[in-house]
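Visitor: Questions regarding the structure given below will be posed in turn.
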Amino acid sequence: MTAALAAARAAATMASGSSGLAAARLLSRAFLLQQNGIRHCSYTTSRKHLYVDRNTKIICQGFTGKQGTFHSQQALEYGTKLVGGTTPGKGGKTHLGLPVFNTVKEAKEQTGATASVIYVPPPFAVAAIDEAIEAEVSLVVCITEGIPQQDMVRVKHKLLRQGKTRLVGPNCPGVINPGECKIGIMPGHIHKKGRVGIVSRSGTLTYEAVHQTTQVGLGQSLCVGIGGDPFNGTDFTDCLEIFLNDPATEGIILIGEIGGNAEENAAEFLKQHNSGPKAKPVVSFIAGLTAPPGRRMGHAGAIIAGGKGGAKEKIAALQSAGVVVSMSPAQLGTTMYKEFEKRKML
């Protein structure tokens, strides 16, 4: 960056008057945009950390709190390799038979953990995310709802300028590889190891899709709840890349909702990367078809603003990418089954 600024100053010196200064500004601006592009691209390299399995070692931030205790116990009973947790001031103690540490850095060094799940109240959740990023934990899953959006803008800014840590959430149910690893608050018993990758902005609709794919005998390969906030760490495109490159994932369910442009971006990604005779079947449902403009519908990000973010536009974009859009969340499982049947994949 220093070299570019020096070159810009030199250009300004050589040129006379305002035109020289304008040239310098343009040169500096171009370099900064290029640098930002490089930095932003580095975050995409962390997509690979979304894949978790029985060997993934996890710590819990907010380990000894009520929510942390309950869901850590559930994770252990599911068979997840939870290796410890953090609660500032309680380092050196044990909880649920596992060690408690004061800091994430210490917990990572002592346990070899590569993932962290955060059950910390909203006022302190961003500090917990920042601590995990600074400790270079590969995967951070933040369950907390109600984090101020201004705080998440700062977190997003930090995330986009590094490539070591992948954030899922906040305000999400988490990530699960059925039968192997459960990071989050989803009910483990409805999941069954199988062939469908599920990504969703809605927690409860994720469970609906999971239950249905289990009932029709397809099961799930990996499920990721990306959360319903406007500024989150992982979007549809990140998960789609994992699903398209995963041999165990033969079909994909994408559950979106009104607000933002994540679904449109996903449609564009699918056009580029999931076309032709070997394309994987993708089924989708978009919540909020009858939602009035300007009113937030549950999630902070579920709002139609400025005439954009409506369900009809999202459905049209997905259909143009070859996605089969279900008009009812109750038909996701049967729709996917029919797609498998049509392609002779059963």
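Cβ coordinates are placed from backbone N, Cα and C, and glycine is handled just like the others.
Quick paste of what Swiss-Prot says about this protein:
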- His299: active site, tele-phosphohistidine intermediate (ACT_SITE)
- Thr64, Gly65, Lys66, Gln67, Lys90, Ile143, Thr144, Glu145: CoA binding site (BINDING)
- Tyr207: substrate binding site (BINDING)
- Lys57: N6-acetyllysine (MOD_RES)
- Lys57: N6-succinyllysine (MOD_RES)
- Lys66: N6-acetyllysine (MOD_RES)
- Lys66: N6-succinyllysine (MOD_RES)
- Lys81: N6-acetyllysine (MOD_RES)
- Lys105: N6-acetyllysine (MOD_RES)
- Lys338: N6-succinyllysine (MOD_RES)
- 1-27: transit peptide (TRANSIT)
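Please situate the listed features within the shown structure.
Guide: In sequence order, Gly85, Thr87, Lys90, Lys93, His95, Val100 are the residues near Thr64 (CoA binding site), counting only same-chain partners six or more apart with C-beta under 8 A.
In the three-state DSSP reading, Tyr207 (substrate binding site) counts as helix.
Here Lys57 (N6-acetyllysine) comes close to Lys81, Val83, Thr111, Gly112, Ala113, Thr114, Ala115: these same-chain residues lie at least six apart in sequence, with C-beta atoms under 8 angstroms from its C-beta.
Sequence-distant contacts of Lys66 (CoA binding site), defined as residues of its own chain at least six apart whose C-beta falls under 8 angstroms from its C-beta, are absent. Secondary structure from DSSP puts Lys66 (CoA binding site) in a helix.
Every protein chain shown contributes to the tally, and the Cβ of Lys81 (N6-acetyllysine) ends up with 18 other Cβ atoms within 10 Å.
Counting every protein chain shown, the Cβ of Lys105 (N6-acetyllysine) has 16 other Cβ atoms within 10 Å.
In the three-state DSSP classification, Lys338 (N6-succinyllysine) falls within a helix. Counting only residues at least six positions away in the same chain, no Cβ atom sits under 8 Å from the Cβ of Lys338 (N6-succinyllysine).
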Visitor: Might you list, by sequence position, any residue in that chain lying six or more from Glu145 (CoA binding site) with a Cβ less than 8 Å away from its Cβ?
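Guide: Pro122, Pro170, Asn171 - these are the non-local Cβ neighbours of Glu145 (CoA binding site), listed in sequence order.
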Visitor: May I ask which residues of the same chain, at least 6 positions away in sequence, place their Cβ under 8 angstroms from the Cβ of Tyr207 (substrate binding site)?
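Guide: The answer is Pro173, Met186, Pro187, Ile190.
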Visitor: Counting other CB atoms within 10 A of each CB, which of the binding-site residues Gln67, Thr144 comes out lowest?
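Guide: It is Gln67 that, of the binding-site residues Gln67, Thr144, has the fewest other Cβ atoms within 10 Å.
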Visitor: Using the alpha carbons only, what distance in Å do you get between Thr144 (CoA binding site) and Lys105 (N6-acetyllysine) once rounded?
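Guide: Distance between the two Cα atoms comes out at 21 Å.
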Visitor: Report, in whole Å, the straight Cα-to-Cα distance of Gly65 (CoA binding site) from Lys105 (N6-acetyllysine).
Guide: 20
Visitor: May I ask which residues of the same chain, at least 6 positions away in sequence, place their Cβ under 8 angstroms from the Cβ of Gly65 (CoA binding site)?
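Guide: For Gly65 (CoA binding site), the qualifying residues are Thr87, Tyr119, Val120.
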Visitor: Consider each pair of residues in Thr64, Gly65, Lys66, Gln67, Lys90, Ile143, Thr144, Glu145, all listed by the record as binding CoA, and report the largest Cα separation in Å as a whole number.
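Guide: Greatest Cα-Cα span of the listed binding residues: 25 Å.
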